[in-house]
Amino acid sequence: MQRSAPLYETRIKDDLRNGRNVMVDIQDVAVPTGIPIVYEFDSNLNPIENVDEKNSDLNMTGAFRGIVAKKVKGLFLEKPGLLREALQREQEWKENVPGYEPAQSLASSSFTTISNLERSLIQLEEERNFNNNGSPAPTLSEQLVNATAPSLVNGYGGRRVNPCVAKLPNTIDIPTLKTPVRQDSVIVIIRHGKTSHNKLGLFTGWEDAPLADEGRDEARAAGRLLKQHGFEFDVVYTSWLSRAIETAWLVLDELDSLWLPIIKSWRLNERMYGKLTGLSKRMVSQKHGEAQFMKWRRGFFDRPPPVTSFSSKYPGNDERYVRNLKDRRYSARESFMRSLDSGRLQLHRKLPKTESLSDCMERTLPYLTDTIIPESINQGKRVLISSSENAIRGILMHLCEIPVDRISELEIPNGLPLIYDVNSRCIKLLDDGTGRDLMKVYNFGPATDLLFRPCITEDGDIDEECDLTYMWPTIAFPDSSSFAKDDPAPAAAETTPVSAPVGLSYLDNL
């Protein structure tokens, strides 16, 4: 209470005064898990007493009985009878299941919400799941990949690409020997796991599609792989899209690092696909032709048709951007239209109605060069970036110096950690111990040769071993300022790293 009560007084009350709705997630408290209790406040921020009469007669045990007896001023937010059934089910399990833990009894199972369009497409795909001869037909996503993937003849386009694949540490086979932790600065980039939109071949863009079960498995597998290779992180950057945020959570969960600071920025969002958002890629290709489809999908300067100001796909109608996005100028046109429509003055910021890859990079790269590099990489921190394909494509174009006319040829696999080694200035992959050829498992597109350029060691030689230069952890006293997350961060010019990793002079010029 000594540390939680001040948080309520100094932070939560301030949000309530500003008219915001606040959600507080508290663990290990004797209330039914997964069933929110909603409190309302008067103008003086005193809780309004709402006795939950419909549940006052419940035969609760232990702490649950105490909650009702004390007339909690909040209301259980649940479907009629849900709380009653949940508590009765818990009591039955507690009496009949040996070793049952009440704290886990009411945990809701994870589920994925899908739209009507996705549901219809899933049904259609199931109907086409078998060819006339009874063999399984390729999925929509597989057909799309096969239609655009290059023919592999000893590698990509006839060229054999041999990326750096860091071998698993020898300690992996010795359970009693701990894997050495990587201490020097590094950037690990991961595209979110698959969503239902990805699997069905839909344009996603800024639509907040959740991870599919397969995508969650991909994210957890990535976390386990990073842990096997001794990776730990100091900070995580992600977008405002749920699929990227959840991917970061799942990776950190496998690393036992859910406590790490996660910095979210809309600038790491996927490219905004305008009117194509939510549409089937195959349908767009058939309707507008393959040439136009490829321009909209992969053209560096080509923008898809824009959405209107009052479209549900326009981020200006999404509360998360309207209320929280502050680093864009106001739009005179949008402000005038919305003020006229509502009959009162409304200031509306300029948000994208469509984007080309170039537009996407104009917001992503400054965030990399002005925020991530000076505030984290140049401070010697180990960085995880969880984002979407086109945002990552722009970052890699910059880090790997991929030319504009080749960037559209680059594919970013879902859920695969890409290691940008600051020292050797190249992208590396991680050995998963299966002995598989990663170039056959994952499709990186025809620009693979530019993504996996030879890694150069500190001596200027080619790094044939693809070593990740593990350093055994040493006891050190961290800079106390790194824990003051609520205080304004000092300007990059005011901070001096204790030791600058080799290669940072290169990043300073990015």
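Indices start at 1 and increase along the chain as displayed.
Cβ atoms are placed via backbone N, Cα and C, with glycine included.
Note that TrEMBL annotation is computational and uncurated.
What TrEMBL says about this protein:
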ACT_SITE  His192  active site, tele-phosphohistidine intermediate
ACT_SITE  Glu270  active site, proton donor/acceptor
BINDING   191-198, 204-205, Arg243, 270-273, Lys281, 297-298  substrate binding site
Near the Cβ of Arg191 (substrate binding site), how many other Cβ atoms are there if near means within 10 Å?
29
Which is it, of Arg271, Lys281: the one of these binding-site residues whose Cβ has the most other Cβ atoms within 10 Å?
Arg271
Can you tell which of His192, Lys194, His197, Gly205 has the least company, meaning the fewest other C-beta atoms within 10 angstroms of its C-beta, among these recorded positions?
Lys194
Cα of His197 (substrate binding site) to Cα of Glu270 (active site, proton donor/acceptor): how many Å, rounded?
13
By CA-CA distance, flag whichever of Gly205, Glu270, Arg271, Lys281 among the recorded positions is nearest to His192 (active site, tele-phosphohistidine intermediate).
Glu270
Rounded inter-Cα distance in Å - Glu270 (active site, proton donor/acceptor), Lys194 (substrate binding site):
14
